Amino acid sequence: MTITPQEALQRTIEHREIFHDEMLHLMRLIMRGDMSPVMAAAIITGLRVKKETIGEIAAAATVMREFANHVEVQDNSNFVDIVGTGGDGSHTFNISTASMFVTAAAGAKVAKHGNRGVSSKSGSADVLEALGVNIDLQPDQVAASIAETGMGFMFAPNHHPAMKNIAAVRRELGVRTIFNILGPLTNPAGAPNQLMGVFHPDLVGIQVRVMQRLGAQHVLVVYGKDGMDEVSLGAATLVGELRDGQVHEYEIHPEDFGLQMVSNRTLKVENAEESRAMLLGALDNQPGVAREIVTLNAGTALYAANVAGSIADGIQLAREAIASGKARAKVDELVRFTQQFKR
């Protein structure tokens, strides 16, 4: 028997789990716009208060994937997404976006899934636009971009149209809900490998196990202990790694890879233009913290993509991609390729 929204709400009030099939049903009601805004708001708030379980998040992500406009990629070897939940409040430049160019230059295929900044001063969509990339592509055009350049950017509103049915509720609530952690779990290109940054240490173990349930191959979920949703230079980074169906949790430190631990304060930006300047500086091989943190994150992504056998090997490949100018050339390549689809 299917659960009613009222029964689901009662379940959250009693701090009891909503089971997989029930969560599928409720999420489909929300995504179709068949649940009232009042009930939708109550349920997603109730879930947040009781703390969402791995099963509930996995079921919600399954439905969000169902409703997405998919990008069909022919060859998914060495295929990776580099994404963060955002919401870490660090206001740094777009490290994962910069890492995309380096990772692609070193031989991986990257399907980056992102949006405009909400909590940040500059989301991935904002900085890509500032670089001259056309972010408004159809799914088949994104697939062509991945095949041709090794990179594709999926602008979230183009791929998750059903999210409009919950957008007003989320905006008015103004608090984090399950939807804040679903984005990184719902890559429309179905990248089997992922480097995912999260905004809270508890999410490391949760999100990696959700990805395990969703059938992912090689995933590293990371949380910098200075609060960053990236691999950090300013502190140790918690890692949850899914590989060969098994989950391992551990800590890594910049010194493990011959990098100096330095504060991330110098990475803060006020807007997309400042982020663009810092991103290009890193890709132009200008010495400094920006280049080092991009190298560290791209190296980790190359390990996730199975291009490198370890993070250390990935960092070496990332260094070479930047020093050779290949990473910087990838920016111009993506701009040129996407501009042909300008409407």
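Cβ coordinates are placed from backbone N, Cα and C, and glycine is handled just like the others.
According to Swiss-Prot, the protein carries these features:
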- Gly84, Asn115: anthranilate 1 binding site (BINDING)
- Gly84, 87-88, Thr92, 94-97, 112-120, Ser124: 5-phospho-alpha-D-ribose 1-diphosphate binding site (BINDING)
- Ser96, Glu230: Mg(2+) 1 binding site (BINDING)
- Arg170: anthranilate 2 binding site (BINDING)
- Asp229, Glu230: Mg(2+) 2 binding site (BINDING)
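When the CA atoms are compared, no binding-site residues among the candidates His113, Asn115, Arg116 lie within 10 A of the residue listed as 'anthranilate 2 binding site'. Proximity of Thr92 (5-phospho-alpha-D-ribose 1-diphosphate binding site) to non-local residues of its own chain (separation of 6 or more, Cβ distance below 8 Å) is seen for Met228, Glu230, Asn264, Leu267, Lys268, Val269, given in sequence order. In the three-state DSSP assignment, the secondary structure recorded for Ser96 (5-phospho-alpha-D-ribose 1-diphosphate binding site) is helix. Taking each Cβ in turn and tallying the other Cβ atoms within 10 Å, the top scorer among the binding-site residues Ser96, Asn115 is Ser96. Counting every protein chain shown, 18 other Cβ atoms lie within 10 Å of the Cβ of Arg170 (anthranilate 2 binding site).
Nearest by CA distance to Asp229 (Mg(2+) 2 binding site), out of the binding-site residues Gly84, Ser96, Asn115, is Gly84. In the three-state DSSP classification, Glu230 (Mg(2+) 1 binding site) falls within coil. Within its own chain, Gly84 (anthranilate 1 binding site) has Ser96, Pro184, Met196, Gly197, Val198, Phe199, Asp229, Glu230 as residues 6 or more apart in sequence whose C-beta sits under 8 angstroms from its own.
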